Amino acid sequence: MSKEKFERTKPHVNVGTIGHVDHGKTTLTAAITTVLAKTYGGAARAFDQIDNAPEEKARGITINTSHVEYDTPTRHYAHVDCPGHADYVKNMITGAAQMDGAILVVAATDGPMPQTREHILLGRQVGVPYIIVFLNKCDMVDDEELLELVEMEVRELLSQYDFPGDDTPIVRGSALKALEGDAEWEAKILELAGFLDSYIPEPERAIDKPFLLPIEDVFSISGRGTVVTGRVERGIIKVGEEVEIVGIKETQKSTCTGVEMFRKLLDEGRAGENVGVLLRGIKREEIERGQVLAKPGTIKPHTKFESEVYILSKDEGGRHTPFFKGYRPQFYFRTTDVTGTIELPEGVEMVMPGDNIKMVVTLIHPIAMDDGLRFAIREGGRTVGAGVVAKVLS
């Protein structure tokens, strides 16, 4: 029994396979689970178990995703693999499967293809911090020079999108041969697992980040003052600490004079907990849903940003018609809707349901935001799109 307990203490890292259709992402996913299970213990997953991905909903969007888990001696990995290109786009934009690092699969027989480029760009836009390359199907290429050429192309492509192409680990392998139990190629899977361990740093846990709580509700308690409620997104709030109230209006400062959960008074509220925070010297009408409480100086309000968005198709309950420049929907951040205007990329006249597109958004009120913040696009309470802040502009 003691072993089970030990497993849980390993750092947990989220990864996924990305890359062009038919380059071997799902075969590689199966090979990793199989080879690591054989070497270090754990459950192997067959190709067809992974390929038959269940549907799930994230922000009202249907995404097909397979989740597998595996262990190396030092870490526990949760790995996501998507069957279709559209699923990757949706997954990365909604953040349904947030990745601490990605394995880019490139077939040595083809070299980089259009979706290879698109997935690298998406990775950059949505903040995938690290990419490791698995050069697949190397058993089918005899020419060493050809492999070097493909490797060089991949490095150039990564550098083009601000990943460190020259320093990126590239493993030459064959997922299929490894899956079939060929020892020479199994060794390449272990080499890849070694890079997952060494190249992707341990992710910072939510509790170690600066305090932030999106405000859901505001109450006034006679004799005690104003209480805001919500779920702590990150960090810890302790009684007596200063906080800032950010977004929508001018930023204000206050002090937390109490934290409560389930009607009990606590010394602190931590990431993941639903709490009420009592604020000193703030009137009920000076604060509203949609603002955030944050550690002073850690987050600023912004109105203009570059984003990567996915527009729901008609089948997903989205719009039935395209939209054009001048479109003014609501952008739903954390707990509230804010109206905004959009600028489309040069040469783009209209956006169709089912498209993914880069757009610059200008909100009518400032919202507390950082790069990587997810949002929904809504019309009258109905979700018509999902997006991520790629870059705050002002």
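Placement of Cβ uses the backbone N, Cα and C atoms for every residue, glycine included.
Swiss-Prot assigns the feature region 'G2' to one of the listed ranges (60-64, 255-259, 320-324), namely 60-64. Checking the candidates Lys209, Lys295 against Swiss-Prot, the annotation N6-succinyllysine falls on Lys295.
Checking the ranges 5-8, 81-84, 117-120 against Swiss-Prot, the region 'G3' annotation falls on 81-84. Here the Cα atom of His85 (GTP binding site) is found 30 Å from that of Lys38 (N6-succinyllysine). Listed in sequence order, the residues of the same chain lying 6 or more apart from Lys295 (N6-succinyllysine) and placing their CB within less than 8 Å of its CB are Pro210, Phe211, Leu212, Gly235, Glu241, Val243, Glu244. Same-chain residues lying 6+ beyond the ends of the region 'G4' (136-139) with a Cβ under 8 Å from its Cβ atoms: 23-24, 27-28, 105-109, 147, 172-177, 185. Secondary structure counts, DSSP: the region 'G1' (19-26) has 2 helix, 1 strand, 5 coil. Mean pLDDT, taken over the region 'G4' (136-139), works out to 98 on the 0 to 100 scale. If you measure from the Cα atom of Cys82 (GTP binding site) to that of Lys38 (N6-succinyllysine), you get 24 Å.
In the three-state DSSP reading, Lys253 (N6-succinyllysine) counts as strand.
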